[in-house]
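Scroll down for the structure; my scribbles are underneath it.
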């Protein structure tokens with residue numbers, strides 16, 4: 001295989017037996033972890049409800065941790081990377097749980113939907129218990145497959161790499177890493193400057209090739225940096241997925257009339273005429289805008305020629321099947337290595353990396369699942385069988401999510417939640433509330449695993465103890481759960497849900513999916529089932545070829561996960577990733593020495609700058625009413 005297509009080689013350190021993991025647990029790391037995880041988790045619900053996705057909490061936490069330690073532990077600078085890894089892990093864990101405010105929004109949208117009889121409002125205390133328990137299950141499950149995922153050379157985990165580079169550079173003395181610090185600082189400032197011009201001043205609008213299908217280029221150094229880390233194969237695979245959606249599938253879905261059927265299927269018959277009248281208004285009144293957002297969303301998209309959300313309702317089925325079958329095939333073909341993981345959760349590679357024993361993992365998983373079943377039965381009237389099915393089904397979905405995250409640096413949390421919704425619809429088609437709770441379980445477990453595996457990646461590069469990182473992850477899950485339980489009702493009270501308030505597109509998608517699936521498989525868009533079957537077979541075939549063949553041309557076969565996820569991800573995000581992959585390929589070919597020395601640092605700066613300004617500072621300022629424009 002042509003290894004020039006691979007992402008950059010990333011150095012790793014295995015924890016030495018004489019390096020006590022307790023060196024990472026000091027009063028500075030404990031207080032820093034509590035403060036920064038609370039800050040990041042507290043800001044996360046507003047950002048997610050407004051944008052529909054969560055920014056890079058790993059790099060943000062690493063940067064804030066470095067600033068905190070430079071004040072509180074300045075005398076030990078140069079040895080603070082282990083402390084900062086604890087802080088960074090805490091921030092990532094809390095943010096991963098806080099992301100699940102999207103499920104609270106899904107219940108909110110369902111409560112506003114007059115076409116369904118089920119209405120459920122989750123009070124803060126049950127929300128806290130539910131998210132805490134399911135989040136810790138995600139942590140425990142991730143421990144099992146840490147080695148399997150991290151030992152795969154295709155799993156880059158760009159954010160974890162960027163966090164490690166940020167931690168190491170900011171912890172170094174200027175004389176030791178002067179050039180790297182300069183490169184990190186300049187690229188971070190440039191990335192933040194692009195965000196300021198794009199989001200703050202509105203001077204860098206997205207460049208579109210096909211705007212109705214969101215096929216364009218967003219000025220984003222974060223995505224370019226991610227592409228630089230994930231490599232040209234994944235980058236071009238995502239570009240291919242974008243082109244297929246924007247130029248083939250999208251126009252066909254809209255032109256064939258399938259898009260009209262999708263729109264009609266999402267709107268209650270009694271609202272159809274009123275929706276047609278309201279979406280034609282140039283400036284609807286606030287109450288009319290609220291009605292449109294609650295009942296006429298896809299019709300409004302069709303009227304405004306914003307076709308991408310409509311197309312996603314069709315393409316999400318084959319895209320999910322492609323990713324699911326490809327991942328399962330890869331796992332099946334590596335069954336020996338997975339079996340070794342269950343035999344012994346310790347790794348020998350010169351020195352011993354200490355893990356939590358398998359027996360403790362198994363006992364914890366069983367006890368937590370039983371506790372979750374009790375919580376859900378008491379507060380949500382969900383049967384014990386439904387809870388056990390949801391938890392077991394979330395395990396393979398978690399693996400899929402981690403592999404997609406590893407290759408693309410984008411976590412498919414909502415896609416995995418939708419996949420479990422589809423499974424529940426087969427066995428319990430009319431249980432809309434159980435469908436949404438199941439989506440929350442899958443989403444929380446997947447979100448935790450994606451955040452935690454990034455932390456493990458950071459820890460492996462730095463040389464931290466994975467056991468300590470696991471305990472930190474568990475300890476800070478409740479902080480993220482508390483952020484949702486406390487902040488969600490406050491935000492909805494202040495801004496409202498839908499209309500001119502917090503749109504929460506991911507929550508709306510999950511709610512619409514539950515309503516759609518309650519109508520049975522016949523509610524699937526035309527030809528979606530056939531496309532799903534074909535995509536599932538393709539995922540198996542391509543994965544077998546990639547695993548069994550060592551021919552050079554195999555390196556040019558598109559990444560199945562990258563291609564599949566790009567089908568449902570806006571093209572304006574995918575194209576910069578592809579550009580970063582191509583740039584890294586060219587850089588490596590023509591100046592290998594500087595590439596090996598600076599590629600990871602430059603990519604990390606690109607990710608850190610946008611994550612800090614666009615993902616934290618600008619949204620926080622907006623939350624208190626300060627707008628830069």
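Note: Cβ is positioned from N, Cα and C throughout, glycine not excepted.
Database features (TrEMBL):
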- 25-47: transmembrane segment (TRANSMEM)
- 86-110: transmembrane segment (TRANSMEM)
- 122-145: transmembrane segment (TRANSMEM)
- 183-204: transmembrane segment (TRANSMEM)
- 224-249: transmembrane segment (TRANSMEM)
- 307-328: transmembrane segment (TRANSMEM)
- 356-375: transmembrane segment (TRANSMEM)
- 382-402: transmembrane segment (TRANSMEM)
- 422-447: transmembrane segment (TRANSMEM)
- 468-491: transmembrane segment (TRANSMEM)
- 565-587: transmembrane segment (TRANSMEM)
- 599-628: transmembrane segment (TRANSMEM)
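With Cβ pairs under 8 Å as the measure, the transmembrane segment (25-47) is packed most heavily against 86-110, out of 86-110, 122-145, 224-249, 307-328, 382-402. Outside the transmembrane segment (307-328) by six or more residues, the chain places 212-214, 245, 249-250, 253-254, 258-259, 262-263, 266, 297-298, 301, 396, 399-400, 403-404, 412, 415, 418-419, 422, 505, 524-525, 528-529, 531-540, 542-543, 560-561, 563-565, 567-568, 570 with a CB less than 8 A from a CB of the stretch.
Two recorded stretches are said to be in contact when at least 3 C-beta pairs lie under 8 angstroms, sequence spacing 6 or more; the transmembrane segment (382-402) and the transmembrane segment (468-491) fall short of this definition. Counting Cβ pairs under 8 Å to the transmembrane segment (565-587), the stretch among 86-110, 183-204, 224-249, 468-491 with the most such contacts is 224-249. Outside the transmembrane segment (224-249), and at least 6 residues removed from its termini, the chain residues within Cβ reach (under 8 Å) are 5-8, 156, 158-159, 161-162, 187, 191, 209-210, 213-215, 308, 311, 314-315, 407-410, 555-556, 558-560, 562-569, 571, 574-585, 599-600, 602-607. The stretch with the most CB contacts under 8 Å to the transmembrane segment (422-447), chosen from 86-110, 122-145, 183-204, is 86-110. Within the chain, the transmembrane segment (183-204) has long-range Cβ neighbours (under 8 A, six or more residues past its boundaries) at 165-166, 169-170, 218-222, 225, 598, 601-602, 604-610, 612-614, 618, 628-629.
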